[in-house]
Amino acid sequence: MGFFHPTAWAGAVHRIHLPTLEVLGGLMLLTQGIEQSRILPKLGRHLLDRVHSERSLARWLTWASIILSTFLTNDIALFVVVPLTLALRQLAPVSWRRLIIFEALGVNVGSLLSPIGNPQNIYLWQLSHLSFPGFIEMMAPWGLVLLAGLALLVELGSSRRPIVLHLEDHTITVLRGLFWISLGLYLPFLGLVETGHSTWALALALGLGIFRPLLLRFLDWGLLVTFTLFFIDVGFLSSFFNPHQLPGLGQGKSHIILFLWGILLSQVMSNVPATLFMALETDSLKSLAYGVNAGGFGLFVGSMANLIALRMARDRQIWREFHVLSFPFLLFAVVTGILFL
């Protein structure tokens with residue numbers, strides 16, 4: 001009956017992290033501005049002029065996702081590569097679902113290598129007091145193996161089929177003003193977020209929405225609602241369970257058990273909340289970092305980046321196809337992670 005208790009509801013609602021929703025909403029608005037400017041089909045055409053098969057396109061987009069996520073965080077990287085991939089559908093009959101799945105896996109792999117690649121790494125880096133190179137050194141041996149595994153998956157999971165264009169440049173009219181305004185707002189937006197002013201960052205993005213109301217009309221409000229409900233669910237779970245109740249957790253316990261708990265909890269509540277839930281109950285941040293980053297694979301809920309990529313695709317079939325590839329990669333991450341602990 002605890003679900004109906006007012007205290008449980010109050011605690012769950014209190015767990016809604018408004019800065020995260022503000023940043024997500026602002027990024028969605030700016031990305032929508034770039035999409036509606038119609039620049040992405042133009043950029044996609046230039047890209048397709050340089051790659052000649054779906055496999056080479058998959059390589060290019062996956063590595064772009066990996067590199068961007070290392071410096072810009074996994075979520076922001078997806079707001080760059082997924083809209084570009086969706087625009088490619090207008091240009092050629094490519095396997096766009098598979099490309100987006102590779103991109104989602106790519107940002108999760110690339111971001112784990114860097115202390116600023118994803119929210120859980122940022123938190124653990126600050127908690128560990130490691131230097132920037134020191135954190136990379138901790139994650140790199142395992143991360144490089146995952147990179148090799150992902151590269152192999154891209155080779156095996158993509159086709160050599162040549163890309164045949166079916167749209168000419170003259171059919172694309174770019175709204176250059178909207179593009180440059182949307183692009184120009186990214187830097188001040190990220191600067192405000194970095195300095196802790198996410199509300200002002202959202203206000204900046206909303207100004208673009210007022211300038212062009214169609215951005216607000218086509219915004220994926222369902223994604224924002226999903227994230228809000230996600231925080232509430234995590235709040236309920238945290239109010240009923242304590243890390244001390246999990247067998248094998250605590251100071252001086254098995255690193256492998258901690259690693260596996262990090263994965264399991266990430267599959268239930270996503271890896272960022274799992275990190276916050278467990279971080280103060282262990283003396284092995286390496287095991288926890290490996291666990292929660294591995295937990296980003298498998299179920300879509302394992303990483304917020306997965307949810308963003310799949311929701312942006314707005315396609316039912318991609319959810320099933322994502323898990324067909326993501327679960328084997330989770331198994332690969334578990335086996336290799338244990339070897340490198």
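Placed from the backbone N, Cα and C atoms, the Cβ positions cover glycine too.
Annotated domain 'Citrate transporter-like' per TrEMBL: 8-279, in sequence order.
The transmembrane segment annotation in TrEMBL covers 60-87 (among others).
The transmembrane segment annotation in TrEMBL covers 99-118 (among others).
Residues annotated as transmembrane segment in TrEMBL: 138-157 (among others).
Tertiary neighbourhood of the transmembrane segment (178-211): same-chain residues 18-19, 22-23, 25-27, 29-31, 33-34, 36-37, 39, 76, 219, selected by CB-CB distance under 8 Å and a gap of 6+ residues from either end. Per TrEMBL, transmembrane segment is recorded for 178-211 (among others).
If you look up TrEMBL, you'll see 223-243 (among others) marked as transmembrane segment.
The feature transmembrane segment is assigned by TrEMBL to 255-276 (among others).
Annotation source TrEMBL lists transmembrane segment at 288-310 (among others). Among residues of the same chain six or more beyond the transmembrane segment (288-310), those with a C-beta under 8 A of the stretch's C-beta atoms are 24, 74-75, 78-79, 82, 100-101, 103-105, 107-108, 111-112, 118-121, 124, 138-139, 142, 223, 226-227, 230, 258-272, 274-275, 278-279, 282, 318-319, 322-323, 326-327, 329-330, 333-334, 337, 340-341.
Sequence annotations record features per position, and here TrEMBL assigns transmembrane segment to 322-340 (among others).
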Within the same chain, the residues 6 or more beyond the ends of the transmembrane segment (138-157) and with Cβ under 8 Å of it are 55, 58-59, 62, 66, 98, 102, 105-106, 109-110, 112-114, 121, 130, 286, 289-290, 293, 325, 329, 332-333, 336-337, 340
